[in-house]
Amino acid sequence: MNHQLSDLSPEGLRAFVGEQLERSRARTVQLTDAVDTDDLVRQHSKLMSPLVWDYAHIGNQEELWLVRDVGGREPLRQDIDELYDAFQHPRADRPSLPLLGPAETRTYVTEVRDKVLDVLDHVKFDAGRELVDNAFAFGMITQHEQQHDETMLATHQLREGAPVLDAPPPPTGRSLSSAEVFVPGGVFEMGTSIEPWALDNERPAHGVHVKPYVIDTVPVTNGDYLRFVLGGGYEDPRWWSEAGWAHVQKASLVAPRFWSQVDGEWWRVRFAHQELLPLDEPVMHVCFYEAEAYAKWAGKRLPTEEEWEFAARFDPSTGRTRRFPWGDESPGPQHANLGQRHLRPAPAGAYPAGASPLGVEQLIGDVWEWTSSDFRPYPGFRAWPYDEYSLVFFGPDYKVLRGGSFGTDEVVARGTFRNWDYPIRRQIFAGFRCARDPRPEELHA
Ligand SMILES: [Fe+2]
């Protein structure tokens, strides 16, 4: 995927879209075929939909946007639109709806896909419709499916029972020459106006001034975080914000989700596998409040979203903002742990080829990173093509996460991509890295 999507011939673009649709569907099928019918319709956590809801919702969104809107075709199943409208029914209520069963769902999404491939065969990308410019609506729908695939992977993590998912391990880590990187700051271009498949909240590109700061080279690891746990971090209100302290007590949090201590050893559950806690892997399944408390305990703070993106994209040698930390080329397996290729974060130092020009590593992939920023529109934001993607979520209730996780696909994990969630959420594949203000001697070095 590159800026030059617009340079592709219509046939090249058609082929590219076809590949992306096929890739996302293969993943959806893999995640849903992995479990039996019972597991597909069961709600594994109040936080999540039954897998069969996600599956039919993927098909329904595809029908709404690509079959009906782009294609101008007759509806296949208008009667089910309401059931699969995420804004009509909160996740907790979805199991009690008269949902399509697994067999009906599979038939429905397959019928939709057949129609979509026909629409794709005939669509004129240069017809002057903004929705099909550079195949945007197709890009949005394939990203939507991949985003739900990550959500379904989180449901798998919450599911109890025998393991059903497996993948080869990620590359090994290495020790780093420096735990932190000094960032000189300055003005840089944040966001994008040229990524063809960027979503509305990533737009437009705009200049931002960032003061000098220091940021961790890699995300905080399990070993780092364990020291906070063992040092009584969860019992000491000094490290917590007022809201964080209230939450940690109410929810009785004592360690990251899926951790447990048995006979003095720490374990974690990963897709139904019980494993000794790997100390060199980025910590995950911590909420924003836990990230914030750890940072304070460590004498640091969380980076702002602007600081995160500056560290990830700014190239001081050219003054330019890159697409990705390593440059403008799309992510390869040497750059980042993405796409559910490895069903875990990679150890610290595993991706030297993914370093940013400033020397910051593992910004893309592995774990989503909590930032200290609320989810806000960029200056010049325009809600498009619908208000419910971003507009209705802006405000102080949500914190921004950046960079994608091992569960995020490369078609989603742009350097500009913005995720957001409530500060109490732990079921997502989220960790963090710390930042701090420079000491005077660092500024004048
Ligand atoms: Fe959705």
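Using the three backbone atoms N, Cα and C, a Cβ is placed for every residue, glycine included.
Model, not experiment: these values are computed from the prediction.
Per TrEMBL, the candidate among His44, His57, His209, His247 that belongs to the Fe cation site alongside His144, His148 is His57. Within the same chain, residues at least six positions away from His148 (Fe cation binding site) with a Cβ under 8 Å of its Cβ are Thr28, Asp54, His57, Ile58.
Of the listed binding-site residues, namely His57, Arg425, the sparsest CB environment within 10 A is found at Arg425. Maximum C-alpha to C-alpha distance over the listed gamma-L-glutamyl-L-cysteine-binding residues Arg91, Ala92, Asp93, Arg94, Asp421, Arg425 is 20 Å.
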